[in-house]
Amino acid sequence: GSGQIWLDNVQCRGTEAALAQCPARPWGVHNCAHGEDASVVCTAPGTPSGTAARAPLQELRLQDGPGRCAGRLEVLQYHQWGTVCTHSWGLAEAAVVCRQLGCGTAVAASGRAAFGQGSGRIWLDAVTCAGTEGSLAECQSRAWRPNSCDHPEDVGVECS
């Protein structure tokens, strides 16, 4: 990181509801450098411990379609927009995207860059949803790591 270091010597028991409830040095008082910055990796709710964690999807958008509720699916992760690969993509997955975006029900789930090829990272691959999830982050996937996809395999969604 960079800038001010706010916490040092944090001593949580693990039962606290918030980090602010853990004993620590006074706010802004420290004897460390950014090379010692802490990080956390969390699993999605319902994910058994020991399985690969997925970062939650913060934002979705549909690009290069006829309107806000149709287009190439892109997800924002680590402040960078990227696409989703077509492996396992179908109406159940599109239904979750439409629901998350407030765009009604899924009319079509397309692959093969039906709305044009994206650029940059391909963030998700092999997304598998039941279709009832509230967000794409609740679905299973090979997420946030290298995959065997190229942008000609970017998925698209059309909502009602």
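Cβ from N, Cα, C; glycine included.
In TrEMBL, the cysteine linked to C129 by a disulfide bond, out of C139, C149, is C139.
Here TrEMBL annotates a disulfide bond for C98; of C32, C42, C159, the partner residue is C159. TrEMBL lists a disulfide bond between C149 and one candidate from C85, C103; that candidate is C85. Minimal Cβ crowding within 10 Å, among the disulfide-bonded residues C12, C98, C149, C159, is found at C12. In the structure as shown, the Cβ atom of C22 (disulfide bond) sits within 10 Å of 15 other Cβ atoms. In sequence order, A92, E93, A95, V96, L136, E138, C139, Q140 are the residues near C129 (disulfide bond), counting only same-chain partners six or more apart with C-beta under 8 A.
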